[in-house]
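What follows is one structure encoded as structure tokens, with my remarks underneath.
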Amino acid sequence: MSKLARVIAAFVLAFGLVGGVGAVSAPTASAYDWKRELASGDTGADVKELQIRIAGFAADGPEKTSLKADGDFGPATEAALKRFQKAHGLTQSGKVDGATQDKLNSLEDSDGSTKNFEFKEFASKDCGCFTNGKVGESEVKENVRQLMWKLEAIRTKAGDKPITVNSGFRTRSHNSSVGGASNSQHMYGIAGDIVVSGKSPSQTADLAKSSGFSGVIIYNSFTHVDSRADHDYGSSSFYWANA
């Protein structure tokens, strides 16, 4: 059952709204309101949102680069957009036309998460929450949202293979209890320990290295990915390594 189908089923069961009097329409997922087509040279909040959504298409192969979400539609944004369009079978125009807007919106969900990921997958294991990290809850959740978009890119590049998130955000206490680094990127909500179905940790790392992840660490059974270079959290340089 799809994520949206599960949400609808839960809604129906919770309120007993199955046909007859009192039945209501299923909740409709919201979509980002693209008010214009976007192209090279454009600036604004909508360009920044575009950059967040295509950040996982920062390069053609492993490369220490990431797409900055600065609201300025320049050459790097155009190149990433073309990669996104190619990956999703769209015309590689480098412009955010109607078809591209529709595809971008098909990958989002009504609560701000993405099509294949839910916030609860990234909540700290000790409390199911996003509080008590190194930044406030709202910042953590926005960081997690941006992480989801990069993971959607990895999933697409992997042939739409499911991704399991072993560890997402961690509270300070949970990070300490699992032996995490003192400035672990997990405490900011910008990191994930992931397993891609059918892919080895090293294969997953190669996908992450083309998806704008500046922190990539290969472990025996999973791959750590993070966006440390995109944030001023004290670990702003690229770090790719084997554990």
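Every residue gets a Cβ built from N, Cα and C, even glycine.
Database features (TrEMBL):
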- 43-104: domain 'Peptidoglycan binding-like' (DOMAIN)
- 116-226: domain 'Peptidase M15A C-terminal' (DOMAIN)
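Sorting the domain 'Peptidase M15A C-terminal' (116-226) by DSSP state (H, G, I as helix; E, B as strand; all else coil) yields 42 helix, 19 strand, 50 coil.
Sorting each residue of the domain 'Peptidoglycan binding-like' (43-104) by its DSSP state yields 32 helix, 3 strand, 27 coil. Model confidence over the domain 'Peptidase M15A C-terminal' (116-226) is summarised by a mean pLDDT of 99.
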